[in-house]
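Per Swiss-Prot, the features are:
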| type | residues | note |
| --- | --- | --- |
| BINDING | THR144, GLY165, ASP187, ASN229 | S-adenosyl-L-methionine binding site |
Amino acid sequence: MPWLQVRLAITPEQAETFEDALLEVGAVSVTFMDAEDQPIFEPDLGTTPLWSHTHLLALFEADTDETALIAHLQLLCGGTLPEHHVERIEDQDWERSWMDNFQPMRFGQRLWIVPSWHAAPEPDAVNLLLDPGLAFGTGTHPTTALCLEWLDGQNLDGCRVLDFGCGSGILAIAALLLGAPQAVGTDIDPQALEASRDNANRNGIDPARFPVYLPADLPQQPAEVVVANILAGPLVSLAPQITALVQEGGRLALSGILAEQAEEVRAAYAGAFDLDPTAIKDGWVRISGVKR
């Protein structure tokens, strides 16, 4: 059935007031959306982060009286509404619409990330089957893409790979499919470890080839290749630990870094690594190098 959709342009300070008001006047769903494609990083503990410019979308039953709705919202919110737009939208197959947003993606020369509902575009290529899920990492974000492209360009034969902050396991699984005999994953989120196991199983990876650990349980065995796609702050603060996990002569790739954060991260690793030129994609960077 069709719906009445109300879109409000709000600030984070207005979010709770308008969310409560929309629910009080009968909204069946309320959604916050980024109005300007702004990333959110490392929010303070106990906070719910919102973008500085946020769209609040609310859906109402199709027979809702639009004029009365807006008047009631104005009354509840104490006067003038912020910039807003009201439209009627047709119902659709929301699951199919969501699935259509995720298409097979190629990284480098050999590697494809393929959702399970799609046929592989190149059956003879290296195809990693992965669906969007609760853990971070599907290949759509520039930082994941930078790491996947880097892995595709490496000779991983005989290498043990460590995925530091493994999320969905996408980087470790890609490394295994690209020729690494073993990969290890670690993440602070137990749900991420479960997602990594599930995704490895979907790709036919023997669990013995891809053990995953919480950080406290991670064996302190240096690896030939380490990838860490997390955030700039942790990459800097954890530089001694990450450096120790790369064996001498081993290779390191770091991402989750904005371009303006690159120099700080490079400085944290320059003492132990011969660093490559910084790779940039859509305002994000990858820093890689070889341990001396």
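Note: Cβ is positioned from N, Cα and C throughout, glycine not excepted.
All features noted in Swiss-Prot, drawn onto the structure.
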{"residue": "THR144", "record": "S-adenosyl-L-methionine binding site", "Cβ within 10 Å": "25"}
{"residue": "GLY165", "record": "S-adenosyl-L-methionine binding site", "Cβ within 10 Å": "24"}
{"residue": "ASP187", "record": "S-adenosyl-L-methionine binding site", "Cβ within 10 Å": "26"}
{"residue": "ASN229", "record": "S-adenosyl-L-methionine binding site", "Cβ within 10 Å": "27"}
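Residues THR144, GLY165, ASP187, ASN229, recorded as contacting S-adenosyl-L-methionine, have a largest CA-CA distance of 16 Å. ASN229 (S-adenosyl-L-methionine binding site) carries a strand DSSP state (E or B).
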